[in-house]
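Engineer: Just passing along the structure, written as structure tokens.
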Amino acid sequence: MASREMLIIISVLATTLIGLTVATDHTIGGPSGWTVGASLRTWAAGQTFAVGDNLVFSYPAAFHDVVEVTKPEFDSCQAVKPLITFANGNSLVPLTTPGKRYFICGMPGHCSQGMKLEVNVVPTATVAPTAPLPNTVPSLNAPSPSSVLPIQPLLPLNPVPVLSPSSSTPLPSSSLPLIPPLSPALSPATAAGTSLPLFPGSPGSSSSTTSTKTVGTFPSSTTGTTADLAGADSPPADSSSAAKTLVLGFGFMVAMMLHLF
């Protein structure tokens, strides 16, 4: 793409420069000028005269002039019917058409001494027209199809539910239920001669035997004797203390089960 754009720019510049080419001024005879004794034929052989150029004749007006004549008058050095005559000492002749043109000096004897010039004017060099570029040249700023990404539609975002303090559900507490405090007042019988039953999982349940409350002494079946119960004389246990103990044990059992599960 960059090379094609560069070629286009170069072609346009070349065409413009050719169109703006300045016409060449040919000073007749070179440094010697338009005078007797100058080798005008040799000088003209090394020049190229094209349409648009100019012929410049420099000479002393008191001694020379410039006369344009036809081919027969040029050959005979006789300006019978001159086409145009210049006598100002610095004559400028534009070359507007291709073909041959003939010039001599009209002073007597000067043409025969070599003051004659034949000029062959060639057409201006033409440049072949640049082939038109196809209309399919992409723009430099146009993005390529592969670089255009499809636009994905935005998905609606689900609103995040906001829980109000009134609708919040309390989380289950992992803490163990509080164990009711032990009753500070136990009956004398419980404090002195009774032991509380131990439940599974308690610190004291590691022993293989289960402690039981000693209520009294039963008569031995082997002796067959009848004896009074050992605790007959002891005062009866307080019913409220026993109820508290039962509730305490049941609560402890429930606490241990909740802890295990």
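We count from 1, first residue shown onward.
Cβ coordinates come from backbone N, Cα and C, glycine included.
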Engineer: Would you identify which residue of His26, His64 Swiss-Prot lists as part of the Cu cation site it also attributes to Cys105, His110, Met115?
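Structural biologist: The candidate from His26, His64 that Swiss-Prot ties to Cu cation along with Cys105, His110, Met115 is His64.
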Engineer: List the residues of the same chain that sit at least 6 positions away from His110 (Cu cation binding site) in sequence and have their Cβ under 8 Å from its Cβ, in sequence order, or write 'none'.
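Structural biologist: Within the chain, His110 (Cu cation binding site) has Cβ neighbours under 8 Å at Val36, His64, Ile104.
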Engineer: Among all chains shown, work out which of the recorded positions Cys105, Cys111 has the most CB atoms within 10 A of its CB.
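Structural biologist: Counting Cβ neighbours within 10 Å, the top one is Cys105.
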Engineer: Near Cys77 (disulfide bond), which residues of its chain come within a Cβ-Cβ distance under 8 Å, counting only those 6 or more away in sequence?
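Structural biologist: Once residues fewer than 6 apart are set aside, Cys77 (disulfide bond) is near Ile104, Cys111, Ser112, Lys116.
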Engineer: Other residues near the Cu cation site, CB within 8 A of the CB centroid of His64, Cys105, His110, Met115?
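Structural biologist: Other same-chain residues near the Cu cation site: Trp34, Thr35, Val36, Tyr59, Phe63, Asp65, Ile104, Gly106, Met107, Cys111, Gln113.
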Engineer: Which Cβ among the binding-site residues (His64, Met115) has the fewest C-beta neighbours inside 10 Å?
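Structural biologist: Comparing Cβ neighbour counts within 10 Å for the binding-site residues His64, Met115 gives His64.
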